[in-house]
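Colleague: In case it's useful when we look at the structure, here is the feature table from TrEMBL:
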type: DOMAIN; residues: 39-74; note: domain 'EF-hand'
type: BINDING; residues: D52, D54, S56, F58, E63; note: Ca(2+) 1 binding site
type: BINDING; residues: D91, D93, D95; note: Ca(2+) 2 binding site
Amino acid sequence: MSLSSILSADAIDSAIKDCQAQDSFCPKKFFQMCGLSKKSPQDVKKVFGILDNDGSGFIEEEELKFFLQRFSPGARVLTDKETKAFLCAADDDSDGRIGADGEEILISCVVSELG
């Protein structure tokens, strides 16, 4: 399954273009622009599964760095600052990864457009 089977390719492209500059990535704005904030919790779980590159059930910091590239292979890597801020917003138990409870927080962030 690819992200373009859940989200519009044009919306993904627009969201990626909006955060091309270093340190310009804002999860809330990205989720709005790519259409993820309007998706159901089930669709967000599917996206989580795609972003969990190694299939561990968690999105670790190393995977999160490549968040934009999972949406578009030519996109830039998130900066350390962006990665840490994004992780902090969704890592409820401070273990340095998003999973189980963090997945629910990520879903809440997307659906409520927080983050």
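Positions of Cβ are set from backbone N, Cα and C atoms, glycine also.
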Colleague: What whole-number Å value do you get for the CA-CA distance of D54 (Ca(2+) 1 binding site) and D91 (Ca(2+) 2 binding site)?
Modeller: 18
Colleague: How many Å separate the Cα atoms of D91 (Ca(2+) 2 binding site) and S56 (Ca(2+) 1 binding site)?
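Modeller: Counting only the Cα atoms, the answer is 16 Å.
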Colleague: Drop a 10 Å sphere on every Cβ of the binding-site residues D52, D54, D91 and tell me which sphere holds the fewest other Cβ atoms.
Modeller: D54
Colleague: Rounded to the nearest Å, what's the C-alpha distance separating D52 (Ca(2+) 1 binding site) and D93 (Ca(2+) 2 binding site)? Just drop the number here, would you?
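Modeller: Just about 18 Å between their Cα atoms.
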Colleague: If you measure from the C-alpha of D93 (Ca(2+) 2 binding site), which of the binding-site residues S56, F58, E63 fall inside 10 Å?
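Modeller: For D93 (Ca(2+) 2 binding site), the binding-site residues whose Cα atoms are within 10 Å come to none.
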